[in-house]
Amino acid sequence: MNAIWIDEQLETSARVQNSMKIEREDHKLEKRLCREVGRAIVDFNMIEEGDKVMVCVSGGKDSYAMLDILLKLQKRAPINFELVAVNLDQKQPGFPEHVLPEYLSKLGVPYHIENQDTYSIVTRVIPEGKTLCSLCSRLRRGILYRVAGELGCTKIALGHHRDDMLQTFFLNMFFAAKLKGMPPKLVSDDGKNIVIRPMAYVTEKDLTRWAQVQDFPIIPCTLCGSQENLQRKQVGNMLRDWQKQYPGRIENMFSALQNIVPSHLMDSKRHDFKGIRTTGVADPEGDKAFDAEEFMQAAPAGRAVIGINPLAPG
């Protein structure tokens, strides 16, 4: 009897300790997410005093997490800014229209649902079997720009993360022959909106875990999510394989996006190769043309490069 009682006590104690460990890990994850989003906001001056930020919420894990983190930072930020969540209901068959309004109402955040049947347009114009993403994205972009103006928003926040940015860089290199990525902040192509990506420093792995912790009511994208062999998926798999084989490579590649040397590429629009002249003065930072390149064995890249104070201590 005593042995059974002791076993039960030990089992209960183990469960309590495991629960406490999970809580600690979840708290660390929350702090890391807030810190990394805060750093991006500060690094690129994404949100300023008096801004009204339109937070685009699709129903996926990334946009849910972005809204959640921005709400947390809003409470502790040294500046005042507004948030309004916006969802574009594209009238996809089976789309659960009630999910987002119920979630956002419960959250207590101002929100707007824009109803536009882009689904019919995309499926009518794009041949069966072809990727729908490009046209869908263009239609969605135009609508969201208009809505931002109607709501008086000064910034549009998108939920792209670090992995998205790296994938875009390689997609442009492989399929468009461009060294072009996904900027953390830009002026929209209509010249009227500033678009920000507050989760530029956040990993998809952390977002996946946070979605589980918060139990977000995820809405799958049935319009394009079922299409296999998309180029982005292929590039994503390639990057994940690299990271498994060479841990730290993803961090180094991401840091490289912030450490560009135009004079060592081949774009004459970015560097005046034709006008190069000798100066007769030694430059310790100059190029050693005949020396082999020296590379770090392991660079702590990623977070060391972006170590700037977030909006508030966390």
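Residue positions begin at 1 at the first shown residue.
Note that Cβ sites are derived from N, Cα and C of the backbone, with glycine treated the same way.
Here is what Swiss-Prot records for this protein:
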| type | residues | note |
| --- | --- | --- |
| BINDING | CYS133, CYS136, CYS224 | [4Fe-4S] cluster binding site |
| MOTIF | 58-63 | motif 'PP-loop motif' |
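Ranked by Cβ neighbours within 10 A across all protein chains shown, the binding-site residues CYS133, CYS136 are led by CYS136.
Per-residue pLDDT, averaged across the motif 'PP-loop motif' (58-63), gives 95. With DSSP classes pooled into helix, strand and coil, the tally for the motif 'PP-loop motif' (58-63) is 3 helix, 0 strand, 3 coil.
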